[in-house]
Amino acid sequence: MSDSSSSSENAPATPESPGRPPRGIKSYVLRAGRMTAAQSRGLEEVWPRLGLSVAEGRQSLEALFGRRAPCVVEVGFGMGQSLVEQAAANPETDFIGIEVHAPGVGKLLDEADKRGLTNLRVYRDDALEVLDKCLPESSLTGLQLFFPDPWPKKKHHKRRIVQPAFVELVRTRLAPHGYLHMATDWEAYAEHMVEVMEEAPGYRNTAPPESAPYVPRPEFRPLTKFESRGERLGHGVWDLIYARVE
């Protein structure tokens, strides 16, 4: 029961761009999907207003949204349900979604337009490219990674997005005290996340002692249909929130 995440995976940083994972291994597989009329409308009519591209390069968040406000990025938003809910509930915060799958991007754009949201922008690009080339350093209030592909087979673990180089790249984009919030329904992946984060410099775990290393699901993370179905089936969900300390 895991959503797919839009980001490539990582290994050691390259000399040309310290802290940036190389592009070779991807944490996602692009699959052809049928588009509904609403999804197509989102891509065709709403994209020119809310869509962004790596080709546009680095821009200030103030330039993207026309104001200065806290900004949260979600990597791999799937069909966009939780991201739209958060943007609608928090008009004082700006949100950037990153997703490679066209149906999800189209669905998000259609819903954002129907709700009249102005605090949401979308990249249909590899998340590592966006983080590295587009988002300013020390600029983000938070980054969300909800239910990334767990790649459960051992031979595929290298495809998991949560790797040392990835979390270091995220750290450089977070403002001081900004947070990295991850959620997964695969306990083994949750344990992997903890292992990576506990070794990562410049982070601290925000979990209370009674539930550490995990945090109870925060109220600000919407409960999606996907997660609700999992709960009915008895699946667990593990949330982790780490804050940048420098």
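Note: Cβ is positioned from N, Cα and C throughout, glycine not excepted.
Following the DSSP three-state reduction, the secondary structure of D149 (active site) is coil. If you look up Swiss-Prot, you'll see D149 marked as active site, on the strength of similarity to another entry.
According to DSSP, D126 (S-adenosyl-L-methionine binding site) is assigned to coil rather than to any helix or strand. The S-adenosyl-L-methionine binding site annotation in Swiss-Prot covers E74, E99, D126, D149 and is backed by sequence analysis.
Marked as substrate binding site by Swiss-Prot: K153, D185, T224, K225, F226, E227. The number of other CB atoms found within 10 A of the CB of E227 (substrate binding site), across every protein chain shown, is 22.
Annotation source Swiss-Prot lists region 'Disordered' at 1-26.
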All chains considered, the count of other Cβ atoms within 10 Å of the Cβ of D126 (S-adenosyl-L-methionine binding site) is 20
Have a look around E99 (S-adenosyl-L-methionine binding site) and count the other CB atoms within 10 A of its CB, chains all included. 29
What does DSSP say about E227 (substrate binding site): helix, strand or coil? helix
Recorded positions (E74, D149, D185), the one with most neighbouring Cβ atoms at 10 Å: E74
